[in-house]
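Q: Below you will find the structure I want to go over with you.
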Protein chains: 2
Amino acid sequence: MTDTTWMYENFEPAGSAIGYRVTRKLDEVQSPFQKIEIYESTDWGNLMLIDGAMMLTTRDNFLYHEMMSHPALFTHADPKQVVIIGGGDCGTLREVLRHPGVEKAVQCDIDEQVTRMAEKYFPELCESNGDSRAQLLFDDGIAYMANCAPSSVDIVIVDSTDPVGPAEGLFNRAFYESCFRALKDDGILVQQSESPLVLLDLIREMRGEMRKAGFNAFQTLPFPQPCYPTGWWSCTLARKHGDDGFGFREVDARDKAFATKYYSADTHKGAATLPPFVAAALAE
Amino acid sequence: MTDTTWMYENFEPAGSAIGYRVTRKLDEVQSPFQKIEIYESTDWGNLMLIDGAMMLTTRDNFLYHEMMSHPALFTHADPKQVVIIGGGDCGTLREVLRHPGVEKAVQCDIDEQVTRMAEKYFPELCESNGDSRAQLLFDDGIAYMANCAPSSVDIVIVDSTDPVGPAEGLFNRAFYESCFRALKDDGILVQQSESPLVLLDLIREMRGEMRKAGFNAFQTLPFPQPCYPTGWWSCTLARKHGDDGFGFREVDARDKAFATKYYSADTHKGAATLPPFVAAALAE
């Protein structure tokens with residue numbers, strides 16, 4: 001019998017915790033930016049923690065990666081140029097590249113060590129890293145977006161850690177202004193937006209900053225994500241024009257040539273209809 | 001500053017845990033059936049634990065109680081006679097009684113102490129206990145269903161703890177046969193059916209036992225529930241005839257005269273379209 005221990009992450013802003021039964025620590029590296037740890041668990045495959053916060057598990061990361069990519073890509077009429085800020089585990093990149101129409105996907109994560117650890121402990125997430133359309137940069141995402149050619153990008157995906165530490169600068173007006181400038185007129189910005197149960201204030205603030213940067217229409221999509229606080233998470237889409245009634249290419253989503261585990265045209269539609277208490281809070 | 005401690009519930013079957021930051025224990029009682037504890041938390045209001053397992057929090061119980069009641073009641077054409085097995089915290093009863101067409105709602109929980117604790121620490125859940133349509137019994141739910149007059153009930157809601165201990169007998173063919181007999185021809189059985197991410201086997205087994213008891217059509221509805229393992233939970237509806245394409249009274253749900261926080265005609269529709277991996281597992 002293997003010795004096991006329970007490992008917990010206390011999420012201070014919400015007063016709640018998530019934990020896993022682990023068998024051993026597989027690796028640890030202190031990068032110039034953060035501490036990355038890999039554990040082996042009894043039921044969830046491998047776990048990656050950054051500065052003590054759970055980032056992903058082998059078992060449930062598909063929820064997050066599918067929902068960070070496919071809703072935005074099926075909302076855009078014809079996404080060709082995609083930029084991922086953060087996303088060093090490469091799972092979002094893999095999902096983006098499932099869309100045959102995508103011509104180029106740049107992933108810009110400040111911390112190369114995240115990708116190195118993903119290659120070793122989550123190889124399935126990195127299986128598209130060699131795709132000729134993929135470009136992996138290890139650089140400052142804020143600077144990357146600031147230097148992007150204007151109106152050159154169809155979709156910007158901000159796949160970041162929580163808005164503290166290295167990721168703090170990815171949740172404010174200045175960064176969103178860079179995204180706005182880099183996006184084409186019909187471009188879409190999508191960002192992970194924390195728990196719709198306990199962090200509605202954060203989603204409201206994020207939308208406020210996006211609005212100041214020029215974005216005019218917003219859509220928040222909730223989805224389950226057991227390894228994040230409360231087990232219920234969200235992404236928020238923003239675009240320059242139109243209203244909050246985001247449609248999407250439903251027929252294309254239904255007829256897509258690749259398999260997904262959580263995303264479907266139906267789950268997309270379901271996520272787009274917010275529960276009354278979330279809708280009311282975001283309308284304030 | 002108040003002293004706080006973190007309290008965790010290790011969920012052995014899934015190798016994951018949920019925790020809360022608590023300020024103090026408010027109460028504890030050992031009933032003839034189980035140990036009930038009440039804690040005060042920093043962010044989630046009061047917590048009720050039964051034999052160490054989190055049952056409800058002030059903050060997030062609306063998710064569970066709304067989803068255990070309204071989907072079934074809006075699926076039935078005209079529910080008048082409702083039986084709740086378990087449900088001693090009275091939150092499901094309160095939601096059922098919001099439907100003006102309901103003529104009688106019997107709540108049969110084996111443990112009176114659960115209701116006494118709810119009255120004291122979750123009074124808002126008990127606000128309909130004095131409704132003239134409500135009948136609170138403290139008795140064995142298995143015996144109650146076995147003795148129910150045949151074809152007398154429109155909806156049976158099994159609002160139980162996990163299928164171990166006192167609730168074990170609520171997850172098998174014998175119990176479901178009693179429910180089948182008590183239900184009218186168009187009656188609906190609904191039961192909490194654990195996590196659709198990690199406990200798909202349990203949902204399959206439950207459906208199998210229901211089928212052996214005569215039920216012919218099934219619908220599993222997932223919903224977020226932070227205080228239960230993985231934060232993603234489900235209920236399963238069963239009825240005697242028809243196929244798995246459950247419709248519901250969408251217009252009535254849209255025009256309902258009472259407020260809900262999570263449930264709506266749209267969230268009902270959203271929950272009814274299962275993510276591909278859940279649909280595939282249940283089709284096996």
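Glycine too: its Cβ is placed from the backbone N, Cα and C atoms.
Computed from a predicted structure; not experimentally measured.
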Q: Need one residue: from B:His65, B:His70, B:His241, the one TrEMBL lists with B:Asp89, B:Asp159, B:Ser160, B:Thr161, B:Asp162 for spermidine.
A: B:His65
Q: Could you round the CA separation between B:Asp140 (S-methyl-5'-thioadenosine binding site) and B:Thr161 (spermidine binding site) to a whole angstrom and send it over?
A: 14
Q: What is the number of other Cβ atoms found within 10 Å of the Cβ of B:Gln34 (S-methyl-5'-thioadenosine binding site)?
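A: Result for B:Gln34 (S-methyl-5'-thioadenosine binding site): 20 neighbouring Cβ atoms inside 10 Å.
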Q: To the nearest Å, how far is the Cα of B:Asp162 (spermidine binding site) from the Cα of B:Gln34 (S-methyl-5'-thioadenosine binding site)?
A: 13
Q: For a quick check of understanding: among the binding-site residues B:Ser160, B:Thr161, which residue's Cβ has the most other Cβ atoms within 10 Å?
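A: Counting every other Cβ within 10 Å of each candidate, the maximum falls on B:Ser160.
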Q: Measuring Cα to Cα, tell me the gap between B:Thr161 (spermidine binding site) and B:Asp109 (S-methyl-5'-thioadenosine binding site) in whole angstrom.
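A: Approximately 11 Å lies between the Cα of B:Thr161 (spermidine binding site) and that of B:Asp109 (S-methyl-5'-thioadenosine binding site).
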Q: If H, G and I count as helix, E and B as strand, and all else as coil, what does DSSP give for B:Asp162 (spermidine binding site)?
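A: In the DSSP reduction, B:Asp162 (spermidine binding site) maps to coil.
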Q: Out of B:Asp89, B:Asp109, B:Asp140, B:Asp159, B:Asp162, which of the binding-site residues has the smallest number of neighbouring Cβ atoms within 10 Å?
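A: Checked B:Asp89, B:Asp109, B:Asp140, B:Asp159, B:Asp162; of these binding-site residues, fewest Cβ neighbours within 10 Å: B:Asp140.
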